[in-house]
Amino acid sequence: MVIPATSRFGFRAEFNTKEFQASCISLANEIDAAIGRNEVPGNIQELALILNNVCRRKCDDYQTRAVVMALMISVKSACQLGWFPERETQELLAIIDLMWNGFSCPENVTSCVNSPVTLISQVIERFYPCVKLGHILVSFEAKPESKMMMKDFHISKKMPHSPKQKVGLFVVRTEDISRSNCIVHPQGVSFLLNGKGIDKRVNISMESGPQLPTNVTALLNLGANLLQAIGCFGGSYLIAIAFMDVIPLPNKPLLKDYVHPEVVGSNSDCDIIEGPSRISLSCPISRTRIKLPVKGHVCKHLQCFDFWNYVNMNTRRPSWRCPHCNQSVCYTDIRVDQKLRKILEEVGRNAADVVISADGTWMVETENDEDVELVPETTHDHGDPNSFINLGPTVKNPARDENEMETSTQVEEHNPCLSEIQGPSNDTHRPASDYTMLNQSHTSTNTLPQLPRTLNAFDGQQFVNLPQVINTRDSPASQALPMTFSPTPSPQDILATNAANFGTSMPAAQSSQFQGSHVTSLGNCEGRTSDLMARWNHIYGRVQTQFPPAPLSHHHYSMQNQSPSPAQQRPVPSYIAHPQTFHVNYGENADQRWMPSSIAHPQTLPVNYGGNTNQRPIPSSIAHPQTLPVNYRGNTDHRSTPYSITHLQTLLNYGGNADQRPMPSSITNLQTLPATYGGYAHQRPMSSSITHPRTSPVNYGGTPDQRPMPSSITHPQTLPVSYGGTTDQILNPGGAMGQFSSREFMNLTPANTENWRPQSRMRGSVAPGTGYDHMIIHPTRPVHPQAQTPPAPLSTSYDGADEIQAFIGHPSYPVSNNETQAGTSSLPVAEGLGYSGSFWSMPPETW
């Protein structure tokens, strides 16, 4: 036979490779469409001739062979439906089998088991009681050595099925179908249907454990379909694709009765005598009342479970194991316990347990006989102080709480009155947020709120905004003990702080009028202090049970007129123009926090609770948030709070030794204060201007030691800070370069800093006079616009008296009697900077 020049199926005598592949795919689609419609083409003889020549065509590449194989799969379905005469059918099937061997091993291909319907029906009866089996499309058996298998089948519209039926994939291990392990998918095998992976049956979405039949209706096509299994099975499996229906459970299931084991008389004293057993009438699956008590036919226990709960659970995940003894109990092994069913019908609804004796008698135990009373869990609102004040006693289990920390669970506290917090005041227009305390629970781990903080570093005529990351190390010791604005706070006020108004500021005008009548006396809170301090000392092992009384302050928070303690008072800066960084310590590690750039007058309140700390006194004039360094057990913790305080320079020391050191009286440009992070430090510049030093230390139970700091630092200074023995030094632009430790910086005087040089050669430095002179970077004169050319530097030091007097005369910054003016600086001045090169000589738009 010779193929005609033009065929009605689209084939011609001569084809190139691409045209041949496209024609094969088109012919396969036409055959599949005819099979789906259950129709037979008219010119079968011509089609048989074309297919015979296609199979005999020499295919050199794998792509062409795959296309021809796809066409032959459709032709095989047509042969099975009787499209061709007997002789042509045998010839085509022989050619197809020959080509099939090139894509699959012939020894691994098994048509089907002897009775697939019987085996699948048994599996459905045992493990899929809600599934009804329909027409089986294809079934075959995979052997343990099988690695790659293919099976084709066809679907037509005239197949016996209902529109509601679905097509499911069944994978069953044939060695033992009595347990649910037989429906576990082989973990090393992936199934593909028409080239697409089947959900939960491929290696990328494999599901362990027993599986339900997989719905593959969306992956099928009318006509020929191809199922592929790739991987090692490791056992004998039955794979089948069949129509199935999902049916509901019967209202009255036909179940067999449970046969109780016979009680054998005991003649030996060594036999165990069974006593009464307590049986729960609640299902162990849902903890609800049992409706139909069932258990497995091999179960030996008396406890039953509900039939409906058990079946519904296994229809979602068919594990089919007893919830009490974990034995395999498939659907056909479920038995009804008629004895317990009779008990459920006779007892009332309030019965929770029954006691069944060995002779069959039983007795009801109701819920009222329970000795254990459930304690509801209490959720506390950390923002509501009444959450803990109204907390009642909590019942605990002594057996559970043996190894837990012994702490009191009953808190008897009272809300602080508003009058106690504010004190008498004549100003009725002051914002309420100025009197709000930081309110935190003593059980909170994050004791203080954390705000994003930035540092505005002055660099030439620009400000560089440097974000800082806050790292809080919480420990049992660092509990919520924030300070209020009162210099003599009570422990009740210390324990309660309010984070809601964090960031509230007070204008400078109101801050300057803030009267000392708002100061809360410790004596007013002593009635509420003893029980709280006893609780605190019980938890943290303190001996002191009450803070010593503190003197009252009645005028502008000005405590300068009080009699000083044995400590010698030193001047403290009164005005800080830019954010300043102070020391923060968490658990023997110091943490440096930058204050927000919008804060014009930061202030530090170093507080020490029972430890030794080196604190720096604080400036006196504050119009915006301040920094509260708090020390718990020898560790310093500085937190920023938003209280508007004008003249508060108090160093509080409770039960420890405080080392107070004044800060420089005038710092006009950049300055970096040392900080330590667990033995490691990093320097970051800050802009500050301190013109009015003032110190008012108050000491409670300690011996402060105050030492002066340099009186004037007029230019940027780099202060290296030790990181566990490693110094990381960062130069500020246009400033002098120096290297100090924390204690060396505190002991600096103008006399010993004028000609300071490092004691040893610094690592990485290049000495002059060597062959590397050309690599030394020399400072250059800063370039300024012609319109703003600064005058030549007057001298290496200048007298800032005029500048200081200008700020003293400013009405927003009150001056006390002990304010001092900044002296002249003995440090060298950078080239190009003099009186006009200071920060205050810059235009306002560059601040």
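Heads up, the Cβ atoms here are built off N, Cα and C, so glycines get one too.
For HIS301 (Zn(2+) binding site), the number of other Cβ atoms no farther than 10 Å from its own Cβ, over all displayed protein chains, is 13. Marked as Zn(2+) binding site by Swiss-Prot: CYS299, HIS301, CYS322, CYS325.
Here Swiss-Prot flags 569-591 as repeat '1'. Here the repeat '1' (569-591) returns a mean pLDDT of 43 for the predicted model.
The annotation repeat '2' is assigned in Swiss-Prot to 592-614.
Per Swiss-Prot, repeat '3' is recorded for 615-637.
Look at Swiss-Prot and you will find 638-659 tagged as repeat '4', backed by an author's statement.
For 660-682, the entry in Swiss-Prot reads repeat '5'.
Feature annotation from Swiss-Prot assigns repeat '6' to 683-705; the stated evidence is an author's statement.
The annotation repeat '7' is assigned in Swiss-Prot to 706-728 on the grounds of an author's statement.
Sequence annotations record features per position, and here Swiss-Prot assigns zinc finger to 268-349.
Helix first, then strand, then coil: DSSP counts for the zinc finger (268-349) stand at 22 helix, 17 strand, 43 coil.
Within 10 Å of the C-beta atom of CYS325 (Zn(2+) binding site) sit 14 other C-beta atoms, taking all shown protein chains into account.
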